[in-house]
Amino acid sequence: MLDKTFKVSRIIYFLCVIVSVCGLIYNFLYTTKYITIAENPILERWAIIITLAGIYGALRLLHPKLKNPDRENLTIAVKKYITKYYIRLGAVFAIYMFNMLCFSFTGIKNFIYLSIITIFAMFLCAPNKKHFENETKYIDQA
């Protein structure tokens, strides 16, 4: 069960990264040809704050770590760990989509750089088998 769940989470992670990179390339090629740049320093400033705070929050605060009572049952531990992992990956992907939408609307290249930073943050969200096994290890309360 653990191997299958880990493989599914790994596949979802790689699909998320591939979609992000392909979307970045497509959006960059399309937007640079057809959209004129609209300066919006307030949006840029808030995008930088949202991106940096969101990446920190996703990587630090949403780190999938289970408490001891959650580890008493293996299936519950796996479900909670995977749920926390998907929330973390979804948060980073939402930050990426925010930056891509801002780039599509304004054409400002700083949003491309913020998207690249977010993709590198996605690399830090890769599922680790050793951590997955350690967190879902059964703890005997006897």
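In case you wondered, yes, glycine gets a Cβ from its N, Cα and C as well.
For 12-30 (among others), the entry in TrEMBL reads transmembrane segment. Within its own chain, the transmembrane segment (12-30) is flanked in space by residues 86, 89, 93, 96, 100, 103-104, 112, 115-116, 118-119, 122-123, 125-127, which lie at least six positions past its ends and keep a Cβ under 8 Å from the stretch.
According to TrEMBL, the transmembrane segment annotation covers 42-62 (among others).
Annotation comment: TrEMBL describes 85-106 (among others) as transmembrane segment.
The feature transmembrane segment is assigned by TrEMBL to 112-128 (among others). Sequence-distant contacts of the transmembrane segment (112-128), counting only residues of its own chain at least 6 positions beyond either end whose CB sits under 8 Å from a CB of the stretch, comprise 6, 9-10, 13, 16-17, 20-21, 24, 28, 47-48, 51, 55, 58-59, 85, 88-89, 92-93, 95-96, 99-100, 103.
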